[in-house]
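These come from TrEMBL:
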- 60-97: region 'Disordered' (REGION)
- 72-85: compositional bias 'Polar residues' (COMPBIAS)
- 186-481: domain 'CDC20/Fizzy WD40' (DOMAIN)
- 232-273: repeat 'WD' (REPEAT)
- 315-356: repeat 'WD' (REPEAT)
- 450-482: repeat 'WD' (REPEAT)
- 491-512: region 'Disordered' (REGION)
Amino acid sequence: MAQFSIENRMRAITMNLSEVNLMSSKKENQISKNDQSTKLGKSLCNGSINMSLNCSTNSQSVATKTPKRTETSFSNKTPKMTQGPTLGKPNSWKSPGMGGGAIRKAQNILGDRMVPSRSTTDFEAAHHKMTSEDPSGDRVLSYQTVQIPKPQEAYINHQKALYSASSSTQKKPSTRFIPNTADRVLDAPAMMNDYYLNLLDWSQTNFISVALDKQVYLWNAASGDIQELMECEGDDNYISSVQFTQDGSYLAIGLNTGCVELWDIQQQRRLRTMAGHAARVGVLAWNEHVLSSGSRSGLIFHHDVRIPQHLVASLEGHTQEVCSLKWSGDHRFLASGGNDNLVHVWEGTSGQITRNTPLHVFNQHQAAVKGMAWCPWQNRLLATGGGTNDRSIKLWNMNIGDCVDTIDTKSQVSGIFWNSEYQEIISSHGFPNHTLQIWKYPTKAKVAELTGHDERILHLAMSPGETAVMSAGADETLRLWNCFQTDPNKKKGIAGRRNEPRSALDAMSNFR
C-alpha cells in the first residue's frame, strides 16, 4: 500500500511537471509569435520583408514559418453588417454594405463598349499590323460583344420621340433673282447735281418725268418713246421739282422762281400757274385735289387746284429748305423733312380747316432729311433717311411718336421706297458709295446692293406695280433696276399689297 501510494504520488508529480512544461512551452510560443509579429510589422514599415524572414529562421525561439494572416487582422474587406448595433454591445456595429448588387452586376456585364478587351486581343499580331509597310484593313483591337438587355415588360421610353422623329422640313430655296446690274441705262445730260431737289417721278400710267435743267421730258416705259413736255422761260430759271397726280393724268412742276405749274399730260399743255413762294419749290406732294409744296424758305403751302384762290393753308415749322414731302396712305398725315435735320408730321387737311402746328417733331437725324416713305401696309410707320453726316434710315411710329428702329447705311440717303411684295426697303445713296441697297423688314438684313452709278445717286422712283425702280445720278444717267419681280411660286393677292395697276415693266419683252 505504501509502495502504491508512492507511485501514485510520483505519477501526479510527473503529470504536474508535464503540465508546467506544456504551459511554459505555450507561453514561449506565444512570446515568439508576438516577437515575430512585432518584427514583421517593423519589416513591413521598412520595406524589408525578406530580411525579417531570414532573421526569423536563425532564431531558435521563433517558428520557421510566418503565420498566415487572418481576415480579422489583415483583411482589407469591411465586414458586412447584418443588423444594427445590439444594446450593451458597442462593438457590434458593422459598416453597411452597398445596396444594388444586381445593378452593379448589370453594369459590369455591359461595361464600356468603347474599351478594348485585353483577353481577346492578340498583341503580337496587332504590333505586326501596325509596323507593317502594307497594313491590311483588319482591326487591331478586339472589342467585346455585349448584348444590351431588353427593357422590362410594360416599359415606356418617353424619349423615343427625340430619336424617332423625322428630320425637319427644309425650306425651299427662294427662286427670286435680283440682278446686280441695271436693265437699262438712259442718258440724262444737264442733270443738276443738287441733293435738295426732286427731279424724277414715275406715274401710275407708266410715264417717267425727268427734269433736265430747263426742260421736262416724258419717257414712256412701255414703248420707250421720249417727248419733251415743256421748257421754262428765262435764262436763270430752271426746274426744281416734278410730281404726278395719283392717277397720272397731270404733272405739277416746281420752279426756282417760287411758282408751281400744272400740266395736262395727254394734251401736253399748261393748265395754270400758282404763285406764292418767295424761293424755289424743291418738293411737291399730292393728296387728291390738294397739292402740297415745300420751299427753300422753309414754308409748306397747300394748294387746292379746283378753286381760283388755290392757297388754303400755310405750315410754318422748318427753318431751312424743305426737301421732302410725303402723304400717308390713308391721307391723314403729311411728313416733311428739311435741311434743318428735322422731321415734322402734320395732320391732314379737311376742306379749308388745317392745323399749322406739327403733330410730331423728330430731331434725331444729324443731317438733311430727303429720303422719306410711308409703309404701305402700316399707315402709321414712316421711314426717313439722313444726309452725309447722318447716313441712317430711321423708322418712326406715329402711335407713340418715337423712333422704333434704325438702319446704318454707311452712306448718304437720297431716296427711300417700300416694297409690299417682299416687305423690303430700297434706298438710294450718295457719298461715298453711290449704290442702291435693299433691306429686309423688320430684320434690317441687307438683301442686295446694286452698283452701277459712277457718281452719287440723287433721285429714286418706283414703278406703279412695285416691280422696278429708276435712279438718277450725278453721272447724268438714268438706270432702270428690275429688282422686285413677282415670284411666280407665290399666290396672287397677297394681304397688304396695294391695289394698283401693274406696270408694263413686269415683262422684259416690253422694252424696245
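The backbone N, Cα and C atoms fix where each Cβ goes, and this holds for glycine too.
What you are looking at is a predicted structure, and each value in this text was computed from that prediction instead of being measured.
Listed by sequence, the residues of this chain that lie at least six past the ends of the repeat 'WD' (315-356) yet keep a Cβ under 8 A from its Cβ atoms are 195-198, 279, 282-288, 290, 292-302, 362-363, 365-374, 376, 379-380, 382, 384, 386, 390, 396, 398, 498. For the repeat 'WD' (232-273), DSSP puts the residue distribution at 0 helix, 22 strand, 20 coil. Broken down by DSSP into helix, strand and coil, the repeat 'WD' (315-356) contains 0 helix, 21 strand, 21 coil.
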